[in-house]
Amino acid sequence: MLLHLGAVKGGLGALMLRRVCLLSRHAHSYSQSVEHQPIKKVMVANRGEIAIRVFRACTELGIRTVAVYSEQDTGQMHRQKADEAYLIGKGLPPVSAYLHIPDIIRVAKENNVDAIHPGYGFLSERSDFAQACADAGVRFIGPSPEVVRKMGDKVEARALAIQAGVPVVPGTDGPITSLKEAEDFAKTYDFPIIFKAAYGGGGRGMRVVRNYEELEENYNRAYSEALAAFGNGALFVEKFIDKPRHIEVQILGDKYGNVIHLYERDCSIQRRHQKVVEIAPAAHLDPHLRDRLTKDSVNLAKQVGYENAGTVEFLVDKNGKHYFIEVNSRLQVEHTVTEEITDVDLVHAQLRICEGRSLPELGLKQDKIRINGSAIQCRVTTEDPARGFQPDTGRLEVFRSGEGMGIRLDSASAFQGALISPHYDSLLVKVISSGKDLPTAATKMNRALAEFRIRGVKVGLGLSHAPNLQKNELLFICLILYVCCFLNCQMSHLMVNGPATPIPVKAKPSDTDPVIPTVPIGEPPLGFRDVLLKEGPEGFARAVRQHKGLLLMDTTFRDAHQSLLATRVRTHDLKKIAPFVAHNFNNLFSLENWGGATFDVAMRFLWECPWRRLQELRALMPNVPFQMLLRGANAVGYTNYPDNAVFKFCEVAKENGMDVFRVFDSLNYLPNMLLGMEAAGSAGGVVEAAISYTGDVSDPMRQKYSLEYYTQLAEELVKAGTHILAIKDMAGLLKPEASKILIGTLRDRFPEVPIHVHTHDTAGAGVAAMLACAEAGADIIDVAVDSMAGMTSQPSMGAVVACTKGTELDTGISLEKVFDYSEYWEVARGLYAPFDCTATMKSGNADVYENEIPGGQYTNLHFQAHSMGLGNKFKEVKKAYAEANKILGDLIKVTPSSKIVGDLAQFMVQNSLTREKVEERADELSFPLSVVEFLQGHIGIPHGGFPEAFRSKVLKSLPRIEGRPGASLPPMDFQALESGLKAAHGSDITTEDVMSAAMYPKVFQEFKEFTATFGPVDCLNTRLFLEGPKIAEEFQVELEKGKTLHIKALALGDLNKAGQREVFFELNGQLRSVLVKDTQAMKEMHFHPKALKDVIGQVGAPMPGKVVEVKVKQGQKVEKGQPLCVLSAMKMETVVNSPMDGIIVKLHVNPDSTLEGDDLIMEITAEQ
């Protein structure tokens, strides 16, 4: 009677009276009034890891166990861990099943359950559930129903705390019943305020409101979440204390009035008001504050007659003042860290207390409880960091945990093959580390989390680093493991859908990998780059000019494969041969390996970062200067950029290892060239101004591009300060005689300036022309290794080395090493057979002297003609190219001007137009956009001006650009660009990424989307990258030095109803499978449309889930940030807001619609 009275009234006086009476009249009444009743069978009215935690404790104590499960949880592990398992809530929604008290009680009664453990969440803090257990004669493992009611009612708990003298945060006296009460509270105490569920915790129904505009929406969301999670939407309101420490005290009470504390836990690291990392004991907590916290907790528990396990939670502000916030009358998720530092099994204690044992009987006396070391708990959750940590679902294809000394794992669904449901909490596994102190525990946690390997869903790992002992703060890193099996996903995609990069011909990549020639051990010998680093660009230029013999630039790493293999050579194959080049070709003038078309193609087709290519090659070849192609004011793009973008690009390129900048303009337009030269020079690079060559200076009949034209242009470039003067013969038009005339004249005019000549061997006269240039005074000529030379590529390195050997032009390069180098590329070239120009073009052609098609473009046009079935009409294409060139005024033809001529030529062939017809009908034809923009002046002004009659007919009233196109562009805002990229792709955006996006916004976006799906694929060998593995093929993938995967492709499954095929692999001896959408099959099947990420008005689902509410109607006008609809997943509601101002043109969902991530919700268009 007195015990009941004390529990009901909770008054301090009543408790004192009870103790006096018991001590004076019934010294042994505890043992007489409370009978010890052993528990034989326990049901856990919960799921997941907490159910398994309780089952394990029961098994250790010899107690039989019963699990309950919903229809959606038939495959959950907690079913299998119990001795018996029963379905509850048939036909009910997933969460409602675990909230259905009558069904749970029915199962308990039918199966002779003695006691029910509520776990945490669901019904754990519902007094009506505790009462239902008591009414059914089943013990509730927790406090009495009355105490659960008092503590579960946050408002009454707050009143009890005030009564006990415990400081509290200002808040409402009772649950609020309307939005107006919240408004009145905010007016009194000001913002920020916080809504809290009156009958539950765990972050559900909790919303911070920082201004009036957010109040109504957050009130509705908090109410809805609380109702869904706890069956009661009642809320109360408190003043929100910004950036406090969240400290909670673990208590235990028995049926005899004994209450002890087991010290505190620091739960300050939270996301969306849910704890992520918990630490015990709290670091740097003042001992006096610890005493106050534990004393207040015990006093409050004794005042209400608390029994079993519970937690008293406090906020501690920056001044060290503590405020009571709530009591959780249940076991907490983070109880584990308390167990680790006190050696007290809290679940054992709960069970024994429920049986009627006293704390002293269990050896639990306050003076015996000691802190032993430190412990940390991190929650591994299935959340997608790229979507603001929205819950992710799917199947765990791989699960390998971190273990070892000092590590404890509490989990339920953490095993290979487990299905992660969208219906429940996203917790996958709890990782608990313990050690003699916090740094030791943190070190063990770091190590354990680093060992985790999870594939199939996105995962967030909370990772604690050791605290800064000087600043009383804990550093927290949220380590994200993107746990798609990237390599398997990419290879599976290839096996199902074919190559991700377009394949122009049907040829297959070779099965043979090239053999890397022997490379000496140690650092490579000194080279010309060492001269550059020591003496700077001017000293480097002097050294080049003073060099005895002919210097070579090797184009194999860029222009050679651009011309022969459609620019498709991957960094993977370049890196293999790079050390050999560094050791054996250290006397090269430079290696051309970057810029031009290789920049965008790397991202567009090879799915690799061009900057990383530069960085990796620089590390492997520190002694050879690198040269890049810079398109003047166009940088590495095909359009105009603001001046500061060109300057910034050169600066970043130089920082990443670029040395020589070959600056050119496709029209030899001097203002564009001067900007590029200034940008390269200000970055600290070697400036090599390149004059693009066309025509024939040896032909007196061709006067537009005469010797005088070239010498005058060279004069301007030398005057502007170029370190090296280059002739860029893109089409291979330099004949030996013209070479002697041009180079001889330039050498006489500029005796101190190094001269560099670049050509292509399309006509087959490249070696002769380059030797003529060398004899006329050129210091450097361009070559490619033999197996990558000839045709539309550069002249043969081996031929030049052999022809100059023993002469004044001797290159000093070993012919034997050239042969070894060539052998590697001969085999490597076979890997790129689908792109090899020899698939359609068997030789060069001297007709290039007539049509003047640049080398790389010649190859591309040949491919295009054959792919369109016009192979027999290639002669017509070449003839049309020459005619198009004349229509446009006889241009310098280098990218992008060469593309303009090519576009017009194809337009003429497709429409059967002659030059005369084009000029006659120019005012009525719809010309390619590139032609129109050229005539407007978008790429500059050609030598001799535009063909004005033709221009006027085409442009009519269209605007024209006068002067340098980029001069009128506003500066690029790199900070804003970086912020936008980080918002879209995460915080790991680098300066190099910003420059990639500045040059090619759409290409970079697609590249990031690909890598987010498939990860980095540069570790795959080229055949696997292009076509994927064959069934039963075994292969190895080296992730990094010392880390190699052994993979075997096993089988390709049939098409399922979702339009997917399952691809089976064996990875390091373990069976893996990946579901891949069959893109061809899905075209014939109906699926919910996906939102296009690059269309701002297409609103996609940020996570899988169910539509709870649609807040707008079709045709409605909305503002940016306005709530559109509400999604619910894993008991969490997310408001989807409008990304723009506009009008709803189409709704694709209804309430109760079930969505996958990125499913299209609605379409918004800008208001006209």
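Positions of Cβ are set from backbone N, Cα and C atoms, glycine also.
Here is what TrEMBL says about this protein:
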type: DOMAIN; residues: 38-501; note: domain 'Biotin carboxylation'
type: BINDING; residues: LYS154, GLU238, HIS273; note: ATP binding site
type: DOMAIN; residues: 158-355; note: domain 'ATP-grasp'
type: ACT_SITE; residues: ARG330; note: active site
type: DOMAIN; residues: 550-819; note: domain 'Pyruvate carboxyltransferase'
type: BINDING; residues: ASP559, LYS728, HIS758, HIS760; note: Mn(2+) binding site
type: BINDING; residues: ARG631, THR895; note: substrate binding site
type: MOD_RES; residues: LYS728; note: N6-carboxylysine
type: DOMAIN; residues: 1096-1165; note: domain 'Lipoyl-binding'
type: MOD_RES; residues: LYS1131; note: N6-biotinyllysine
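Features per TrEMBL, on structure.
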residue: LYS154; record: ATP binding site; Cβ neighbours (10 Å): 25
residue: GLU238; record: ATP binding site; Cβ neighbours (10 Å): 22
residue: ARG330; record: active site; Cβ neighbours (10 Å): 29
residue: ASP559; record: Mn(2+) binding site; Cβ neighbours (10 Å): 30
residue: ARG631; record: substrate binding site; Cβ neighbours (10 Å): 25
residue: LYS728; record: Mn(2+) binding site; Cβ neighbours (10 Å): 22
residue: HIS758; record: Mn(2+) binding site; Cβ neighbours (10 Å): 27
residue: HIS760; record: Mn(2+) binding site; Cβ neighbours (10 Å): 31
residue: THR895; record: substrate binding site; Cβ neighbours (10 Å): 20
Query raised in the report: To test your reading of the Mn(2+) site: which residues beyond ASP559, LYS728, HIS758, HIS760, same chain only, put their Cβ within 8 Å of the Cβ centroid of those residues?
Result: THR555, ASP729, MET730, THR759, ASP782, GLN794, GLY855
**Report entry** Top Cα neighbour of LYS154 (ATP binding site) in the set of recorded positions ARG330, ARG631, THR895
**Finding:** ARG330
Requested in this report: Given the recorded positions GLU238, ARG330, ARG631, THR895, state which is nearest to HIS760 (Mn(2+) binding site) when distance is taken between Cα atoms.
Outcome: THR895
Query raised in the report: C-alpha of HIS758 (Mn(2+) binding site) to C-alpha of GLU238 (ATP binding site): distance in Å?
Result: 75
Query - Predicted model, mean pLDDT over the domain 'Biotin carboxylation' (38-501) - result: 85
Report task. Work through the recorded positions one by one (GLU238, ARG330, ARG631) and name whichever has its CA nearest to the CA of LYS728 (Mn(2+) binding site). Result -> ARG631
Requested in this report: With ARG631 (substrate binding site) as the reference Cα, tell me which of the recorded positions GLU238, ARG330, ASP559 is the closest one.
Outcome: ASP559
**Report entry** Per-state residue totals over the domain 'Lipoyl-binding' (1096-1165) - DSSP helix, strand, coil
**Finding:** 0 helix, 39 strand, 31 coil
Query raised in the report: How many Å separate the Cα atoms of THR895 (substrate binding site) and GLU238 (ATP binding site)?
Result: 66
Requested in this report: Write down the Cα-Cα distance for GLU238 (ATP binding site) and the residue listed as 'active site', rounded and given in Å.
Outcome: 23
